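Presented below is the structure to which this report refers.
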Amino acid sequence: MELASAHLHKGQVPWVGLLLTASLLTYWSPATTAQVTVEAVPPNVTADNNVLLLVHNLPQTLRVFYWYKGNSGAGHNEIGRFVTSINRSKMGLAHSGRETIYSNGSLFFQSVTKNDEGVYTLYMLDQNFEITPISVRFHVHPSLLPSLSPPTTGQVTVEAVPPNVAEGENVLLLVHNLPRTLRAIYWYRGTTAGERNEIARFITASNKIILGPAHSDREIIYNNGSLFFQGVTKNDEGAYALDMLFQNFDHTLMPVQFNVHAKKQ
């Protein structure tokens, strides 16, 4: 028995063809990089403080990403790159020893100077070897405090970057304006300073890090007071406390928290 058929008039398209075309478009359309954004945290910073060029929604299918000083991807402007297949970063000619590249694409500057001010560009190389650049800028202004006047504890702030994060991503508990006259800094899980809750401490006189019972091997403490979490889980969600020990042995606790949500499939 022959199958019935209908003759198409000019301008008509078979519905099967439409479905097939739509299916192919849906299947073959690659994920765009339009959702990728980069922000400077903070965008305006005082000299000798820290800046994070925070990347949101970095594609997980990249071969490698690069950070450059300025708008050009010239070799002498390369700060560093991160190769995803081996989970390793490599520093470039423009690296000053104060920059750190994270696996989530973000670039951290420690103790910025006026010379660091300007434009930086993230170059993303995908599986098809296509390059997508995204630029960001931050400004550096001189400190308004006299050079002999140490920062007060009232100026110290701690923020979670980002405050809401998907499982498996990274978080930085970023400390602004940490006093330089501290004896030590401590990080605790929760809002109280207890031995069992200690993640790590940094002894300023000896430039030494001591890990605590609550350290999970995924946290890194920096000498600027910041605490970095790699590959967070739902169990990491909650409050943390920065404890500053001053020269007169006074303590000041500063709480901060972040939320962890399930990764979108």
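Placed from the backbone N, Cα and C atoms, the Cβ positions cover glycine too.
If you check Swiss-Prot, you get these features:
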type     : residues : note
SIGNAL   : 1-33     : signal peptide
DOMAIN   : 35-142   : domain 'Ig-like V-type 1'
CARBOHYD : Asn44    : N-linked glycosylation site
CARBOHYD : Asn87    : N-linked glycosylation site
SITE     : Asn104   : site 'Not glycosylated'
DOMAIN   : 155-262  : domain 'Ig-like V-type 2'
CARBOHYD : Asn224   : N-linked glycosylation site
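Feature annotations (Swiss-Prot) mapped to structure.
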residue: Asn44; record: N-linked glycosylation site; CB count, 10 Å: 11
residue: Asn87; record: N-linked glycosylation site; CB count, 10 Å: 8
residue: Asn104; record: site 'Not glycosylated'; CB count, 10 Å: 21
residue: Asn224; record: N-linked glycosylation site; CB count, 10 Å: 18
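Using CA atoms as reference points, the recorded positions Asn87, Asn104, Asn224 were checked against Asn44 (N-linked glycosylation site), and the closest is Asn224.
Mean model confidence for the domain 'Ig-like V-type 1' (35-142) is a pLDDT of 90.
The two recorded residues Asn87 (N-linked glycosylation site) and Asn104 (site 'Not glycosylated') have their Cα atoms spaced 11 Å from each other.
Across the domain 'Ig-like V-type 1' (35-142), DSSP classifies residues as 6 helix, 55 strand, 47 coil. Counting in whole angstrom, Asn224 (N-linked glycosylation site) lies 21 from Asn104 (site 'Not glycosylated') by their C-alpha atoms. For the domain 'Ig-like V-type 2' (155-262), DSSP puts the residue distribution at 7 helix, 55 strand, 46 coil.
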